[in-house]
Amino acid sequence: MTCQTYCLFVLSVIMIYFGCSGSALFLGQLQNDIDKLKADFNASNSDVADGNPVFIEKVKNWTERNEKRIILSQIVTLYLEMLKKTDMSKPHIKNLSEQLNTLRNTLSNDYKKFRDLVELSNLQLTGLKIQRKAVSELFSVLQKLVETSTSKRKRSQSPKRCRC
């Protein structure tokens, strides 16, 4: 129950975050729907405050907007999975699910990036063939890393104009 309640809180944060960044979400209605969902899950129970947050701490570790979109795309998917297990005949749950599906569609590229990260973490480098492939790609990977850090440095160095 604690997990679900924290999830509901983070759902509120996600909806507000994307609402502020130009999405077509109706925050007033969503807040009412989230309040009804909190009542469904008895989110005012005292055990909600026990332990660590479910998602908030994870989002804090991602600082750049594009990075946050990757982690938020996964969190939105988790909310959709959670809502599928509830009574979808209730209008507030149906509305939240529709809005989350809209968000997920706008985040589809970010979700693919997340899947790439999962795929990389599951990659087994024990076979000789895959090790050969990895070694042959090493220089290209290092080049990409250098390009990334160089472009960041160029952006952070703003051109100074002469005030003559």
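Quick reminder: no glycine exception, Cβ is built from N, Cα and C everywhere.
Feature annotation from Swiss-Prot assigns N-linked glycosylation site to N42 (among others); the stated evidence is sequence analysis.
Residue environment of N61 (N-linked glycosylation site) contains 9 other Cβ atoms, counted within 10 Å of its Cβ in all protein chains. As annotated by Swiss-Prot, N-linked glycosylation site applies to N61 (among others), with the evidence given as sequence analysis.
What Swiss-Prot records for N95 (among others) is N-linked glycosylation site, and it gives sequence analysis as the kind of evidence. Long-range Cβ neighbours of N95 (N-linked glycosylation site) (same chain, at least 6 residues apart, Cβ-Cβ under 8 Å): Q29, L30, D33.
Under the heading signal peptide, Swiss-Prot lists 1-19, citing sequence analysis as support.
Around N42 (N-linked glycosylation site), taking its Cβ as the centre, 12 other Cβ atoms fall within 10 Å, counting all chains.
N61 (N-linked glycosylation site) is 29 Å away from N42 (N-linked glycosylation site) when you measure Cα to Cα.
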